[in-house]
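Novice: Submitted below is the structure of interest, expressed as structure tokens.
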């Protein structure tokens, strides 16, 4: 067991002083292509694709087949340039730097026609000394090289041996050799996304001028004294001292609400200097801890750090201080070989519930603050507490992590390496070293981040031999793997952040991987670490096909996004499941067939003679299939948290693949591009509920487990009802004796042979009846109402076509949908087209004549607009 104790401080800002000035170069720049035939203005931060679109030179890059039509943009070499006048007297400053927070990706930088440096890493922050070349009036140029061409050159130059994979599968329509360039890996395509290898200045760029000294980095390391039961804090400040003499002064650290104020004397010698301060927080002060969503508050404390230095130089930093501990528990389990794999936050075992995050857009300048908040609010609204930031995308922007801190979303943070082997030549390692060191400094202050992971699936790719490497050559690649992730990235993490755990890969066997010299024979073992699991052939309603693993960090099924989302980027001839557009948009080999196959196991496929109706019905059915499959699998993981069966179990995490979409296409996402909730996301709101009854069958016996994520025990009852498909009145019901549901456990609450249940309920057969159940106390509902199908819906007897009507009214900012049905209706789907917002529930089984559902609009709308856009579908409508 490894103990990681954490006190975190999120930087909020800094005061400017008389001894330093900053001048932003954000805004309008000039852009031209390689041969100078195309010149246009472009915004910074931004990229070439966005600039071309904003000038009307290209359409929306996501429209129809434009990912192929605009491939030329990524293959050209573009130049960004700007002329500007600095609004202060430059000669008064001892040091002037050009700061680039993010350059995408390969460029040569000229300042006043002097080459000052190069960039080759999208994830690094670059600082160039321009003291000797800067003037009052200046010019700057970034001459980009196509990342696609650069990657090909780097691969060609690596002559000693191949570093696979060379190219993505043809179905992805992507570019090759992405593993040779430190750029967003999915920008060369993925099985859910397009190929748009962008070029541009994608983050802030500015001039910094200073005298005496400058504070470059300001980071924090926590120390918790268990014996004294008190918090301490190490503050690490990195200075660039340009004074020729030592700089003395004092530092005042203040956290008012913790009644903490301490003063330190410091002296800085010329050059790059690090100051470490040790702050003690009295154990007599009650410190409120930061908790994940659903487990407590996200309490933070304001802190100021004031440096009062010689020469009248004052530098002030403000920060938000969060207190929490994180432990990754890997220890023996009675009755099972291997080790546990779960997290304790503030000493309490937490079941991680959530999903995997991918970039929200191929063009990061389109990812607004509003979109980030919308997507992350949807995470907690669905009762999730965790996101895994997947290693094939980007280290997200600061605001993403700030929102996760605020909302209580734990972050599993991958380093940006995915589904590939990587070179380990010195130039590549040097670039990675700078990247990782910078990202650790930037992100370590966030309480939301609970673990670093070295890569996505690269250990599995190597050991399961995805790339058909010969047995004799394998040691070369194992050596490279250990060099990159263990000897470099791991060492950087251990040196830069001792406050949270690190694992080399996902999936991995954790401590067992370490014992096996960093590469396990089976990284997907059910007895160690985490697993990734995908199976599109086995029946997803059969829980026995799922791994009873310690932690499921990836699993899922595809579906199509709603018609209103696809309509924006398609034309009328595209609106069929077998159209050229539908095949083009599917980047997962065989994906469309897999969806229909899985749906056909339990549902009748759409039978309309109208092609457009069939397309819409098929979209609906893929979302039903996806939601039901992921529900079955997630509920299996949740009910496995407290038990060992056949030596397997104690599952303590379920992160389905994937949360969000990068464009409008079929994928594993539960949120469509732009944020609209698929049926799966509504299901997640229920299957991730803090209290949940889970029903399943084993050997013709029906079981209901109670699952609790709560910290306390609660007294309650379980109600079980059986309906026939042909009646809105239950044919029988049963309420258990009152029992105590223990916090943080999953236990069996109900057990009955299916034959006995059917006999007890009169005329029921498997095909004619359905079971629903819920937890309550004193007539108060404590859980969602869950259900269990006794047979496939395609075999249902008595299921009638339901006539469902809705009366819409408004209450403040919320709209009320009063529904009425003529018959039992499975998978009732309420849709208001492109009107942004979400319902309180959706995709539900309607077994009562009336039901009230709320609609929460994300933008102003009206009752009339909703009535015009509203459409309701249930399962029998597609037959």
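Cβ atoms here come from the backbone N, Cα and C positions, even for glycine.
Residues or ranges marked as active site, proton donor by Swiss-Prot: 457. Residues or ranges marked as active site, nucleophile in Swiss-Prot: 554. Taken from Swiss-Prot, the feature substrate binding site covers 190, 191, 192, 456, and the record attributes it to similarity to another entry. According to Swiss-Prot, the feature disulfide bond maps to 167-176, 540-629, 732-761, 764-769. Taken from Swiss-Prot, the feature N-linked glycosylation site covers 28, 35, 77, 280, 284, 297, 302, 763. Residues annotated as signal peptide in Swiss-Prot: 1-17.
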Novice: Cβ within 8 Å of the substrate site's Cβ centroid: which residues qualify beyond 190, 191, 192, 456?
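Specialist: Other same-chain residues near the substrate site: 186, 193, 358, 392, 418, 419.
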Novice: Return the count of C-beta atoms lying within 10 angstroms of the C-beta of residue 629 (disulfide bond), excluding that atom itself.
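Specialist: Residue 629 (disulfide bond) is surrounded by 27 other Cβ atoms within 10 Å.
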Novice: For residue 190 (substrate binding site), what residues in its own chain, 6 or more apart in sequence, show a Cβ-Cβ distance under 8 Å?
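Specialist: Residue 190 (substrate binding site) has long-range Cβ partners 168, 172, 174, 358, 392, 587.
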Novice: Per residue, counting other C-beta atoms within 10 angstroms of the C-beta, which of the disulfide-bonded residues 176, 761 reaches the highest number?
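Specialist: Selected residue: 761.
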Novice: What's the CA-CA gap between residue 35 (N-linked glycosylation site) and residue 732 (disulfide bond) in angstrom, rounded?
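Specialist: With the alpha carbons as reference points, the distance is 78 Å.
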Novice: Going by Cα-Cα distance, which of the recorded positions (77, 191, 769) sits nearest to residue 554 (active site, nucleophile)?
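Specialist: So, spelling it out, the nearest of the recorded positions is 191.
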Novice: Tally every other Cβ atom lying within 10 Å of the Cβ atom of residue 191 (substrate binding site).
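Specialist: The answer is 19 other Cβ atoms.
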Novice: Report the nearest neighbour of residue 540 (disulfide bond) in space among the recorded positions 176, 297, 732, 764, comparing Cα positions.
Specialist: 764
Novice: Roughly how many Å lie between the Cα atoms of residue 456 (substrate binding site) and residue 176 (disulfide bond), rounded to a whole value?
Specialist: 19
Novice: Counting across all protein chains present, how many other Cβ atoms fall within 10 Å of the Cβ of residue 763 (N-linked glycosylation site)?
Specialist: 9
Novice: So how far apart do the substrate binders 190, 191, 192, 456 get, largest Cα to Cα in Å?
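Specialist: Max span of the substrate binding residues, Cα based, is 16 Å.
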Novice: Taking every protein chain in this structure into account, which of the recorded positions 35, 280, 456 has the most other Cβ atoms within 10 Å of its Cβ?
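Specialist: Going through 35, 280, 456 one by one, the largest Cβ count within 10 Å is at 456.
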Novice: How many Å separate the Cα atoms of residue 297 (N-linked glycosylation site) and residue 192 (substrate binding site)?
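Specialist: Just about 35 Å between their Cα atoms.
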Novice: In the three-state scheme derived from DSSP, which category covers residue 763 (N-linked glycosylation site)?
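Specialist: It is coil.
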